[in-house]
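Novice: Structure provided below as structure tokens; questions to follow.
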Amino acid sequence: MLLRPGHFFTLLGKNASRQQWKMAQDLGLFVGPCCFRRQLSGSHSPKRNHIFQDIVIHKRTITWSQLLSSTDKQKTDGPKKKSKQANPDSVEKEKSVIKQEIISEPIIITAPGIESGPPDGEKQGSKDAKAAKAKRMRVDLTKTSLERNFITPVRAMSDFLLKPTDLEGLRKTKRRSPIENEPPITVYWRKDVESRASEVWGSKEKLLNEIVRREMEHRSYQQNMYSVKRQLRDYLKSQERVHSRDEDFAKESGLFGPSGRVVLTAVVINGCNFLFKLAAWLYTGSHSMFAETVHSLADTINQLILAYGIYKSTQRADIEHPYGYSNMRYVASLISGVGIFCVGTGLSFYHGVLGLIDPAPLEDFYWAFFILGGSLLSEGATLVMAINAIRQGAARHNMPFTKYILASRDPSVNVVLLEDLAAVLGVAVCSTCMGLTHYYGSHIPDAVGSLLVGGLLGGVASFIIYTNVAGLVGRSIPYDQLERINSELESDIMVRAIHDVKGIDMGNFLVRYKAEIDFDGRELTRSYLDKQDLQLMLNEVKTFKDIDELESFMVKHGENIVDLMGGEIDRIELKLRTKHPEIRHCDLEIL
């Protein structure tokens, strides 16, 4: 029994004699400070514990039989023993021995009949402490474990293919949110989630197979999306190139391009010539001058119409006109030709015939000759500009000069060229006829000059009408140009043959190309398989158990091959437009 010093002296006082009690009191005077120091050493701070770390109280076992033996012997032996125990020298000697032993050992008191030494509980506790100290394992940072890991509900459902209802009933707890100022998040024990996943899917192997199957589907979806995104990216790039080409085309073919500058210059010059010729006709009354005045007026109006046609032809396509307004040049040129024929030719013939039937008195032609000379110079300048513009266009398209004019590749410039050519010839005819009239004094050469100018205008108008009607109806592009496009198309690895090929000239040097293609199915399939994981496809086929699974497999990949065919058509169209920029619309059909 382990006793405190106070309890020990209380028990001792009940049975001890006066002399033993005195010795116990003296002993208590020494034991008390020792216990007090030990108490201080265990209840103060580490700094103060350091002060008392040298105070160690060792074991000392004092049994009641040792301390009370004199009492028992006194009762049995009588006064002789009592007097012997009362010897002061022996008492002092015993006290000194006990004090010296107490200094070296702490006091543990046992009841009589109990062996000396520490109690059994203390012995067992000491053994357990030593065993625990010997068996304690340190943390091994090289080992891995998921037994105590947490997992969020979202990750549990994604990693183990579970539903929210499958997580019901599992242990969960709250943990700090990784986002600042957010409430705690709910997490589950990972081992519980794994156990529930095994219950839902039957086994870990089935769960793993399902994960692999879904991963294959996800990869297939990603590959398909990649193909779609690539096609969309290529399409957007092609549209950007088309828009860039349209902008360049608008700058080149618009009013501020080569053709537009020629037409605008002709409008200004013909307008000035009309005003000067009108003044000369009013002054002289010459029928030839009247014809030239009408000619300049018709040229001015027609070239204004041409300018509007050039501006409208560069307008982008819309819902009502999906193929654009490129034919507006032909329309404007056709209107101009009709106007020249009706107004210029008609009035010139009318005035010439009127001069033959009812001649009028003539005035001096002096100022008229100066005006005709200025008109010849101005009309000649615009004629030179038109010739240079046509020569540049013919060189750009690798065509001869005359063929470029006859094919009416640039109808606006053609009209300006022919009108200016007719104007120069008309000025020459008018000057000659007026000179003959002035020299001979006869009105007949002047009237004949009006008829000749009218005939010249009629011929120019007829040519303009014919060439522009052919352009509006729709004519094929040159054969050599069509062959170059066909060769480029047939050389593609996906194309076996092409049929029903058409290349239509849309005006403004634009082409609409159409062809029916016989695709090579084997090359198309190989191209599709190059983008697939064949090993995964083989593993998927091996797992088939019935026809329905095979049908689903074939339908999925068949649809993907059809989508790939559409992508290949877009690729071929893009290649044709890159090699042949004049192709505005490319229609490729599958046989």
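The count begins at 1 with the first shown residue.
Even glycines carry a Cβ here, placed using N, Cα and C.
Residues or ranges marked as region 'Disordered' by TrEMBL: 70-96, 109-136. Under the heading compositional bias 'Basic and acidic residues', TrEMBL lists 120-136. Feature annotation from TrEMBL assigns transmembrane segment to 262-283, 331-353, 365-390, 421-441, 447-466. Annotated domain 'Cation efflux protein transmembrane' per TrEMBL: 264-472, in sequence order.
How buried are the listed features, and what sits near them?
Specialist: Outside the transmembrane segment (262-283) by six or more residues, the chain places 255, 289-290, 292-293, 296-297, 299-300, 303-304, 306-307, 310, 363, 367-368, 371-372, 374-375, 378-379, 381-382, 385-386, 389, 412-413, 416, 419-420, 423 with a CB less than 8 A from a CB of the stretch.
Using a Cβ-Cβ cut-off under 8 Å and counting only residues 6 or more beyond its ends in the same chain, the transmembrane segment (331-353) has close neighbours at 287, 290-291, 294-295, 297-299, 301-303, 305-306, 308-310, 312, 408, 411-412, 414-415, 419, 447-451, 453-455, 457-458, 460-465, 467-469, 472.
Same-chain residues lying 6 or more positions outside the transmembrane segment (365-390) and placing a CB less than 8 Å from one of its CB atoms are 258-259, 261-262, 265-266, 269-270, 272-273, 276-277, 279-280, 283-284, 286, 289, 292, 296, 401, 404-405, 410, 413-414, 416-417, 420-421, 423-424, 427-428, 430-431, 434-435, 437-438.
Sequence-remote contacts of a segment are chain residues at least 6 beyond its ends whose Cβ falls under 8 Å from one of its Cβ atoms, and for the transmembrane segment (447-466) they are 287-288, 290-292, 295, 298, 333-334, 336-341, 344-349, 351-356, 359, 411, 414-415, 418-419, 421-422, 425-426, 429-430, 432-434.
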